[in-house]
Amino acid sequence: MLRQVLHAGLGTSFHALGRFVASHPVFFASAPVLLSILLGASFSRYRVEEDVESLLAPKHSLAKIEGNLVDSLFPVNRSKHALYSDLQTPGRYGRVIVTTRKGSALEPVHLDTILKLQVTVPATGVNSFNYSFSYLCLPDDKNVCIIDDIIRAMEEIQSARATNRTAPVLRYPITQLADGRHAYIGHQLGGVQGWGPNGAGRGLGSGLGSGLGSGARGEGVRSARALQLTYYLQARGGLMDRVAGQWEKAFCAELEHFAALHPKLGLYPSTSSSLRMDFQFSSVLARRPLLASLGACGVLAVLCCSMRDCVRSKPWLGLLALLSITLSGLTAAGILNLTGATYNSTYLGIPFVMLGHGLFGSFEMLSSWRRTREDQHVKERVASVFEDVMLRFSGSTMLHLMTLGLAASPLTNMEVVRLFCRTAALAVTISYVYMLSFYSSCLVFTGYLETGYRHGCFCRRVPKPDRLDSKPAWYRCLMYTRYQDETQATNSPHGDSHLLLGCVRRCYGDWITNTYVKPFVVLLYLVYISFGLIGFLQMTQGSDPSALVAMDTTTVLYTRAQQRYFSSYSPVIGFYIYESAPYWNASVQRDLLEYAKGFQRISWLEAYLNYLADRNQSTSQPRENFTRTLRHSFLHEPQFAHFADDIIFAERGQGEEPDVAASRIFLVAKTTENKREEMSVLLDTLRRLSLTSRVRFLIFNPSFVYLDRYAAAVSSPLRHSLLAVLFLLGLSSLAVVEPLVSVWLGLTLLSVQFGVLGFMTLWGVELDCMSVLCLIAALGHSADCSGPLLCGFASGRGESRTRWVRVALERHGVPSLQTLICYGAALAPVGAVRSNLTHTLFRCLALTAGCSALHTLAFLPTLLTFLPPSKTRGSRPGGEGQRPEVECVEMNDSTRVVDQITTV
């Protein structure tokens with residue numbers, strides 16, 4: 001009873017709203033246009049998000065806290081000897097991978113060319129000043145620019161060749177420089193071939209054992225196909241940061257010029273701003289395809305709203321529906337500009353969220369309009385449309401807002417997901433309001449054109465048949481219509497039928513509910529579930545930011561070169577002991593050496609213990625002796641002086657030796673093809689070890705910011721949105737929607753989500769932030785398509801299931817099919833954009849549309865013919881359309897098949 005009261009009350013409210021809109025069509029048509037123009041003028045405040053890490057990395061993670069602690073203890077500007085390009089991430093830098101197309105990079109001809117690249121770094125003119133690399137670089141303790149260790153090793157080799165001396169042996173991955181210092185060059189030298197035991201060359205990627213310490217010697221290098229060089233810049237204050245940004249642009253331009261002069265070398269540059277520019281470049285590439293999408297969708301929307309009857313045809317409503325969606329997008333963008341929000345490339349998916357929701361609402365209203373009585377006044381017809389459609393359309397809008405709103409809440413740990421869902425929720429809300437006002441008023445205007453028997457396209461009054469007979473054939477075809485008295489006389493339900501509606505009514509509805517077709521549809525659904533399960537079990541996480549940038553950009557090319565030549569070892573991992581520890585204690589020394597066992601490592605502690613052993617001193621000494629020897633002897637040796645950057649001393653009382661307050665060592669792990677997965681496992685393993693260790697330590701690498709809790713951060717918004725939708729459906733079933741409709745809709749949403757997840761994995765899409773955004777939007781899209789069909793089927797009483805499935809397909813399946821056609825046409829140009837982000841967007845949205853269409857047009861019509869809800873319960877004698885149930889069955893006798901035998 002409560003459900004009936006609420007339905008009656010909401011229906012009456014929407015009926016009154018429809019009459020009010022139909023009574024003031026000029027106001028409701030002009031107000032959205034004026035508001036959109038006013039807010040659209042705010043695009044002078046358009047801003048693009050600059051901090052990509054804050055978008056793509058989990059907002060709250062232990063890795064960010066650890067990174068802040070590391071920066072406070074060992075800032076980059078404090079390092080005066082050596083930097084590791086994949087460990088420290090200063091504010092500005094330039095990086096390049098140099099590869100040889102033939103031969104080794106260590107050959108004299110290539111070596112000399114690469115060293116010239118080191119000294120020809122360009123100067124940049126800013127504010128009439130020239131700032132060269134020597135001015136912007138990070139200086140060491142001698143006020144000389146810090147350069148990579150491989151450069152020093154190559155200069156030593158070049159100097160030895162120039163003086164006819166024997167070139168020093170270059171070892172991999174740890175080599176010894178001329179000053180006696182051991183340096184890790186595994187991330188600077190790639191594609192390495194080493195000398196085997198009998199002098200034959202072999203690859204060092206899999207030949208080196210792990211466990212070499214700082215004093216160990218790597219294997220001799222025979223050849224190397226690639227070098228990676230990094231130029232570190234200072235960025236002190238706003239002016240220096242702007243200058244460094246200009247230097248990065250000049251750096252890339254210089255490398256392009258250098259590559260043109262030396263075609264035997266391949267250069268793959270990257271800078272601190274490359275990821276940001278390439279991530280936002282997808283929006284630039286998608287501008288023209290989006291316009292093409294709008295044009296293609298407009299053409300098909302016009303065709304979907306057209307029919308043979310020129311008076312009842314509504315071609316302009318297709319364009320006006322797109323105009324309504326465009327105006328709502330412009331209004332939402334204006335609100336974002338006025339509130340100071342920033343834009344990013346993931347917002348490319350928002351127009352498609354609005355398009356799917358808005359088009360379905362407009363086609364539903366048009367379908368309901370064609371079912372109204374033509375002898376009624378336009379206001380009554382519009383009010384009837386509101387009463388019939390707006391309750392379902394408002395419910396689907398609520399589902400959209402529930403899914404997007406919860407994903408935009410503080411519970412979401414991914415900033416890019418939160419911003420996208422917040423903006424999409426705003427856009428869907430404005431689109432709903434504009435559908436009630438602007439599009440409805442346009443429906444009123446076209447209704448008056450129909451009442452006056454004016455052409456739906458040219459607005460010209462159509463002559464009556466007696467006057468039309470004297471016109472040419474093309475004119476009669478163009479002006480064809482059926483007047484009301486003629487329609488009543490013929491009483492033909494198909495005379496003015498829409499093409500798609502006629503196909504569904506005459507052909508598809510009978511075919512999909514045929515007894516012999518149902519088993520094949522059920523079998524198709526089982527195949528759908530099977531392939532979805534196969535993909536679901538193979539689903540992988542995509543935490544690599546380079547998978548979200550435009551193709552053929554510096555970030556993608558650089559990442560490919562790095563994976564090809566530098567994938568044998570992990571990035572340098574910092575092992576930070578952030579509290580004072582008794583390093584002089586033998587058990588603590590054993591623990592720290594055990595933790596680093598199995599890694600390539602640069603360790604001040606291991607080098608110091610070896611130093612004490614070489615001098616025949618005990619490694620287990622009193623604190624005063626241990627610290628005094630460390631400070632006054634070990635760190636003063638030239639080959640060990642660089643370890644001063646790795647130790648922080650804390651003063652004690654006067655006359656006492658200071659304590660080692662914090663220190664760090666560097667670890668490198670052997671990796672295989674699944675580098676990111678292995679890094680994630682390594683991170684979890686070492687963190688668990690830090691919880692039980694007597695020494696308080698942490699590990700950090702900048703890539704951990706993207707890996708840490710990424711799986712939970714990406715999947716939690718989708719999980720929360722799905723649970724929220726199911727909760728809303730369960731709650732609404734108590735008072736608004738029939739319980740079985742809620743159950744069917746919930747199962748449909750789960751089935752669509754499961755299928756999209758599985759098939760997108762089989763299509764090569766990983767579960768990253770972009771695919772999760774599409775999956776969240778898929779909840780609302782599938783509810784738009786299947787919700788009205790289920791409601792229309794459940795509302796019918798007194799006839800067979802098959803009859804009401806056909807009626808539901810005619811009334812709500814046709815708008816779903818029209819939306820699918822226009823939506824697919826809009827998606828097609830986006831698939832041609834050369835961007836990883838748009839490829840993910842296209843594949844996920846295409847799968848969403850396809851899976852939703854399968855459920856709406858095939859699976860649900862078949863399953864509803866033999867599964868609940870029943871059509872006989874709740875029937876009332878004498879009710880509208882009440883007749884004894886009629887079933888069409890097929891009987892097989894011994895001689896022939898008797899089809900369509902009616903049983904009462």
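Glycine too: its Cβ is placed from the backbone N, Cα and C atoms.
Curation plays no part in TrEMBL annotations; they are all automatic predictions.
Note that the coordinates shown come from a computational prediction; the quantities given were computed from them, not determined experimentally.
Annotated range for transmembrane segment in TrEMBL, selecting from 237-255, 389-407, 693-711, 750-768: 389-407.
In summary, the transmembrane segment (20-41) lies against the transmembrane segment (419-439): three or more C-beta pairs, each 6 or more positions apart in sequence, are under 8 Å. Mean pLDDT of the predicted structure over the domain 'SSD' (307-445): 92. Secondary structure by DSSP for the domain 'SSD' (307-445): 112 helix, 2 strand, 25 coil. Same-chain residues lying 6+ beyond the ends of the transmembrane segment (315-336) with a Cβ under 8 Å from its Cβ atoms: 32-33, 35-36, 38-43, 294, 297-298, 300-306, 343, 350-351, 354-355, 358-359, 362-363, 366, 423, 426-427, 430-431, 433-435, 438-439, 442-443, 446, 456-457.
Packing against the transmembrane segment (419-439) from elsewhere in the chain are residues 17, 21, 28-29, 31-33, 55, 317, 320-321, 323-325, 327-329, 331-332, 335-336, 341, 344, 346-347, 349-350, 353-354, 357-358, 361-362, 365, 390, 393-394, 397, 400-401, 403-405, 407-408, 412, 717, 773, 776-777, 780: each is 6 or more residues past its ends and has a CB under 8 Å from a CB in it.
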